[in-house]
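Comments concern the structure below.
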Amino acid sequence: MAADASQRKALRYQQTLLYGEYREHPGGSQRREATRLLTERQLRKHGHHHHHHGHHHRHHGHHGHHSRSHSRHRHHLEQEIGSDGEKPEEIHTSSIKKQRSYSKCRDCVARVQRFLVTKLGEDWIFLVLLGISMALVSWSMDYASAKSLQAYKWLYGELSWNVPLQYLVWVTYPMILIMFASLFCHLVAPQAIGSGIPELKTILRGVVLKEYLTLKAFAAKVVGLTAGLGSGMPVGKEGPFVHIASICAAVLSKVMTFFSGVYQSPYCYTDILTVGCAVGVGCCFGTPLGGVLFSIEVTSTYFAVRNYWRGYFAATFSAFIFRVLSVFNKDAVTITALFRTKFRMDFPFDLQELPAFAIIGISCGFLGAFFVYLNRQVVLFMRKPNALTRFLTRHRLIFPAVVTFVVTTLTFPPGFGQFMAGEVRKRPYDNCYFSASDVLCGVFFIFWMSAVSTTMPIPSGAFMPVFVLGASFGRLVGEIMAALFPHGILFDGILYQIIPGGYAVIGAAALTGAVTHTVSTAVICFELTGQISHILPMMVAVILANMVAQGLQPSLYDSIIQVKKLPYLPELGFGHISQYNIFVEDIMVRKVKFLCSQSTYRELLYLLDSTSLKTIPLVDSKGEMLVFTFLLHLHKIISWYCLKQIKSWEEAEMDKPLELDQIRIDPSPFQLVERTSLHKTHTLFSLLGLSQAYVTSIGKLVGVVALKELQKAIEGSTRSGVRLRPPLASFRDTIRKSSKPSKTSPAPSSPELLE
């Protein structure tokens with residue numbers, strides 16, 4: 001009991017009402033006790049050393065000249081003491097105090113430096129810097145494009161006395177800006193052309209796309225997008241701005257590695273790009289809530305919840321700074337919605353209008369699917385190998401110039417432009433009446449102009465053109481409803497007028513959701529208009545539009561991925577039983593190039609010359625998979641041996657076994673077993689961002705499966721040697737008995753390559 005009491009006292013144990021608690025961790029007292037014992041041991045050792053030294057001097061007396069020299073030294077020391085008035089002990093003590101004070105200051109500075117570096121490397125600093133940077137970029141681009149459009153309208157207005165000169169300015173001004181944007185992107189960074197969301201969707205799946213997240217792409221994207229927006233052409237800002245924000249996040253993360261090494265992790269890199277996508281949408285329209293949700297729906301298959309607060313924090317901060325800059329520039333009186341509406345709140349719609357809202361959703365589903373189809377057909381037509389496409393490829397500025405010329409000619413106000421409901425395009429949410437014929441004409445022309453303009457080789461998105469198109473279509477339905485009920489709808493003895501602007505908001509959300517296959521467009525509309533009075537009909541319309549569009553066409557971004565043939569993993573169909581009856585052994589490549597511990601440099605050279613592999617499996621002589629190596633280091637080894645001057649010596653060296661110590665080896669490659677289902681394989685590839693996985697059987701390498709094989713299996717393709725397993729177990733067992741899997745072969749003798 002006494003021992004327990006002393007131990008509790010040593011650990012600072014305190015009794016509480018229900019349970020006792022230790023005020024100090026048990027390791028603390030143990031560390032103190034170990035320190036005390038070590039100090040006592042050092043003191044005993046030091047005292048023993050002094051005792052031995054004094055004993056030695058007593059047995060060996062001093063000589064006379066030693067005594068004299070000692071007396072002279074003492075006399076000299078006394079003179080110094082007499083002159084300075086200080087003792088040697090005082091001098092030694094003062095020097096020790098100075099050293100201690102200097103060491104304390106140095107330790108204090110080091111602690112402050114470590115504290116600042118640690119704090120500057122935290123997440124919130126990175127998110128604040130990202131938000132400020134993107135808000136400044138977004139506001140600067142809007143300011144420059146607005147000034148360009150203002151100059152465009154001023155030139156057109158100043159030439160009102162001469163219609164031919166007006167037409168010349170109306171056509172030439174956008175053509176110059178569009179051709180400049182196309183040429184600038186082609187010379188600086190061709191990766192900046194287009195939206196950027198399909199490429200980011202591919203990168204977030206684990207595929208490495210070179211030069212897409214560099215400063216050159218950032219500069220080309222910003223300059224080209226600003227010129228495109230300033231031209232007045234129907235191009236959007238949202239898609240390219242997501243790419244811009246991701247580039248900014250990637251570059252800023254490299255700067256932050258100076259403060260914290262966690263930003264160098266590949267897993268952290270994916271989180272950074274996810275936050276960048278959210279910030280891009282949030283500060284583009286000043287809609288942080290819908291921006292985060294939209295970025296998740298568009299770019300991520302599986303989203304890490306730990307990034308949720310990061311996305312909202314950065315997007316909210318960026319949207320706030322973006323709107324504050326607009327207020328400082330006197331573009332707005334205060335921080336309000338970008339397209340603020342003033343719909344009736346007490347009775348925004350009647351139940352009799354719900355069928356009309358449902359019709360808007362279904363119609364927008366068909367319209368969105370047709371928009372995606374038309375956009376893809378235009379791109380495929382321009383890629384056909386014929387004389388026209390070869391001519392346009394050699395002269396890259398002709399296609400954007402022709403498209404701009406046709407669009408501006410048709411929108412020339414004294415010409416066909418007077419029938420396109422230009423005022424509706426400017427303010428489709430206003431609660432006033434327009435001619436239904438003008439709105440219908442405007443919807444038709446906006447549709448095909450937006451579908452064609454988004455294919456030009458400039459940084460451009462389709463979100464805003466589709467948004468305006470959906471608003472115009474919803475406005476058309478609203479005008480029809482207002483014509484059918486000119487006196488309004490009777491409810492409880494009161495006539496309530498139809499609100500055509502509400503139909504425009506619902507149409508914008510529905511068509512944008514149908515084209516992008518997202519539901520968060522409804523939230524974006526709430527934030528853009530500042531009202532949620534039509535929340536129920538808007539959600540109904542968006543869901544119906546998604547149901548129709550997803551059954552007819554892929555989303556616009558998936559369509560671009562298919563056209564560009566990016567290495568992207570398609571989605572598995574929901575409810576198909578075949579995804580559980582197909583296994584990895586049915587789709588894997590069985591003849592795999594590999595190395596073993598007995599492989600020579602000649603075999604390695606043959607392997608590198610005949611393949612374009614990023615990773616190579618390394619097995620032992622029995623065929624059991626151990627590790628796989630990286631191609632970069634293998635090339636370095638071969639180049640070192642191939643630069644020797646004597647050919648005969650080279651031939652002798654090439655037959656020597658590999659020195660595996662010089663090769664970078666991953667001891668834990670991702671492996672699958674033969675009986676892994678297609679559904680589980682797809683889930684693992686999507687969740688972990690894998691590009692390939694090795695298939696083993698009891699540790700033995702039997703095959704490899706990559707994105708290409710998995711994509712063929714999902715699409716149901718049986719070409720290129722991809723065999724799908726029959727759904728019936730009897731056929732499966734028969735095939736397994738009749739055809740045994742072939743063994744893997746070393747590099748020089750394997751006829752089939754893994755690309």
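Placement of Cβ uses the backbone N, Cα and C atoms for every residue, glycine included.
What TrEMBL says about a protein is an automatic prediction, not a curated fact.
Annotation source TrEMBL lists compositional bias 'Basic residues' at 44-76.
Here TrEMBL flags 741-755 as compositional bias 'Low complexity'.
Under the heading region 'Disordered', TrEMBL lists 44-96 (among others).
What TrEMBL records for 726-755 (among others) is region 'Disordered'.
The transmembrane segment feature in TrEMBL is assigned to 124-145 (among others).
The transmembrane segment feature in TrEMBL is assigned to 165-189 (among others). Beyond the ends of the transmembrane segment (165-189), by six or more residues, the same chain brings 148, 152, 155-156, 159, 211, 214, 216-217, 219-221, 223-225, 227-228, 230-233, 396-397, 400-401, 404-405, 407-409, 412-415, 456-459 to within a C-beta distance below 8 angstroms of the stretch.
Taken from TrEMBL, the feature transmembrane segment applies to 241-260 (among others).
Per TrEMBL, transmembrane segment is recorded for 272-296 (among others). Same-chain neighbours of the transmembrane segment (272-296): 126-127, 130-131, 134-135, 138, 200, 203-204, 213, 237-238, 241-250, 253, 263, 303-304, 307-308, 310-312, 314-316, 318-319, 321-323, 337-338, 516, 518, 520-528, counting only residues six or more beyond its ends whose CB sits under 8 Å from a CB of the stretch.
Panel annotation: around the transmembrane segment (308-328), residues 123-124, 127-128, 130-132, 134-136, 138-139, 271, 274-275, 278-279, 281-283, 286-289, 291-292, 295-296, 334-335 of the same chain, lying at least six beyond its termini, place a Cβ under 8 Å from a Cβ of the stretch. Feature annotation from TrEMBL assigns transmembrane segment to 308-328 (among others).
Summarising the annotation, TrEMBL assigns transmembrane segment to 354-374 (among others).
Annotation source TrEMBL lists transmembrane segment at 395-413 (among others). Same-chain neighbours of the transmembrane segment (395-413): 167, 170-171, 174-175, 178-179, 182-183, 186, 231-234, 382, 420, 422, 445, 449, 452-453, 455-458, counting only residues six or more beyond its ends whose CB sits under 8 Å from a CB of the stretch.
Marked as transmembrane segment by TrEMBL: 433-451 (among others).
Sequence annotations record features per position, and here TrEMBL assigns transmembrane segment to 463-485 (among others). If you look at the transmembrane segment (463-485), the same-chain residues 6 or more away from its ends with a CB under 8 A from one of its CBs are 234-239, 353, 356, 359-360, 363-364, 367-368, 371, 421, 424-425, 428-429, 433-436, 439-440, 442-443, 446-447, 450, 453-454, 497-512, 515-516.
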(message) I need to check the long-range neighbours of the transmembrane segment (241-260): which residues 6 or more away from its ends have a CB within less than 8 Å of a CB in the stretch?
(response) 117-118, 120-122, 125-126, 129-130, 133-134, 137-138, 192, 195-197, 199-200, 212-215, 217-218, 221-222, 225, 268-269, 272-273, 275-277, 279-281, 283-284, 295, 298-299, 459, 461
